[in-house]
Every structure is written in C-alpha cells, then in structure tokens.
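Engineer: The structure follows.
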Amino acid sequence: MLSAGLGLLMLVAVVEFLIGLIGNGSLVVWSFREWIRKFNWSSYNLIILGLAGCRFLLQWLIILDLSLFPLFQSSRWLRYLSIFWVLVSQASLWFATFLSVFYCKKITTFDRPAYLWLKQRAYNLSLWCLLGYFIINLLLTVQIGLTFYHPPQGNSSIRYPFESWQYLYAFQLNSGSYLPLVVFLVSSGMLIVSLYTHHKKMKVHSAGRRDVRAKAHITALKSLGCFLLLHLVYIMASPFSITSKTYPPDLTSVFIWETLMAAYPSLHSLILIMGIPRVKQTCQKILWKTVCARRCWGP
C-alpha cells in the first residue's frame, strides 16, 4: 500500500516526464524539420538536437530507474543503467556548454583584438577539445563504473562506511563534469560583461531606441541562468539519490531526490522553447497539428 506522500511524488514524476517528453520531443522534431527545409545542418541546430536528444534519454532513464528500482534493487542491470545515466547526463552538460560558447560567439560585442582572434579561432578549437575530453571521460566513466562498483571487503586495511563510499563513487563518476562546467561559466560571464558594456554604449548613443542586441543578450542569459540553476539542483540531489538506495533502501527518499533531478531535463526544454520565437512558433504548430490529428482519429 503506497503512502499519500509517495503517491504524490509519483504523480509529480509522471508530470515532469510528460513535460520533458513533449518539450524535448518538440525540439528534436523542430531540428529535423529545419534540416529538411534547408538541407543543411547549422551549428545551432546540431547543438539543440544533441541537447534535446540527451534530455529525452535522461527523462526515460530517470523514469526507468524509479520504476525498476523497487523491483530489482540488487540487479546488475541497474548498475549498467546508472553508468549510462551518468554518461547521458554529462553529454547533456556538454551540449549546454556548446550552446553557451555558441551564444558567446554570436552575441558578444567586444572590440579588443585579442578577443576578435579568440572569437574567430578558438570556437572550433574549443569544440574539438571538449569532444576529445568527453571521449576520454566516457572511457574512464565506464572503467570506474565496472570496476569500482563494490566497496572494499575482506581484510583490506582501508575500509569505508557504505554511505561514504557511495559519495566517493558519485564524485568519481561525475568528475568529467568539471571542465565543461568551467567553460560554461566562463562563456556566460563573457556574455554578462558584453551585455554590461553594450548597455553603457546604448545609454550614451541611442537612448530610447529599441535595443535588439540587448534583448538577445538577455534572452541568452535567461536560458543559461535557468540551466545553471537547474543543473546545480541536479548535481546536489545526485549523491543523495545514490545514498538513499543503500541497504536498507528508502523508497520515499529515492523519489524525492530523483523528482528534483527530473526537473532539470524537463523544465529547461520549456525555457529553451519559450526563449526562441522561431522554435516557439514551430513547436506550437506541431502541438496544434498533433492535437487536431488526435481529435480526428479519436473516438
């Protein structure tokens, strides 16, 4: 018999799953639609497609974990599911980092020669460097997940409490998030500085005029700021989700922490859609056509 609190958490988890499914699915459809319309992949479309695809997978992994954990608490497959979960989560962070670098390249308005050189050369170089780092981290994560899953046993001279070892396990699996998070923060900081300098120029030269570039700055910063907040909640809830599964497992705690984690892939997709007029209009058309088709084919 489920308690009322656990039933409410399950309802919230399902709602978050449906929001993420619709939001990220709409972004994936929009990206493919743009490709079919133009027969050319732009950097922005590729980033949005990768980001939405990772979030789509992340939503499924969270709901699978919540569904399977009560039934298969000691199964080896849950170990593999957790490793894949970490990889998809880190890939999502990488694509968000690519998005922040893309915004920084397209929107910032510094006039210094060093920055102009960096803007022209370092964008592609940073993407290749981040991609290489991601591949290395993928291999390390798989190795850690497969060989460092059980705490020391027997007569080992070094012994960890099970909960402490689980925190160490979470720390090692998430170690690949640090570099992309630093790049993300640097890019976002450059956007903030660029907005500040641009705002000072506009106050002097064109008071009262409509400032399109400032609006682009603010839209990008809203998206990146919401992502950072949701990602920090996700990162802070992750270790508690792991330790709540230790013996004896606390199912209510698992649902609390993973429901908080599920807000990251579901809500940020809506923020992306609402912040980009083209995507918002396209997604509205897609959803309207889906509803109309459902009414036509429904009973």
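Keep in mind that glycine also has a Cβ here, set from the backbone N, Cα and C atoms.
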Engineer: Going by the topological domains annotated in Swiss-Prot, do L68 and K215 sit on the same side of the membrane?
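Structural biologist: Checking Swiss-Prot: the two residues are separated by the membrane.
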Engineer: May I ask you to name which of N40, N155 Swiss-Prot has annotated as N-linked glycosylation site?
Structural biologist: N155
Engineer: Within the topological domain 'Cytoplasmic' (23-45), count helix residues (DSSP H, G, I), strand residues (E, B) and coil residues, in that order.
Structural biologist: 19 helix, 0 strand, 4 coil
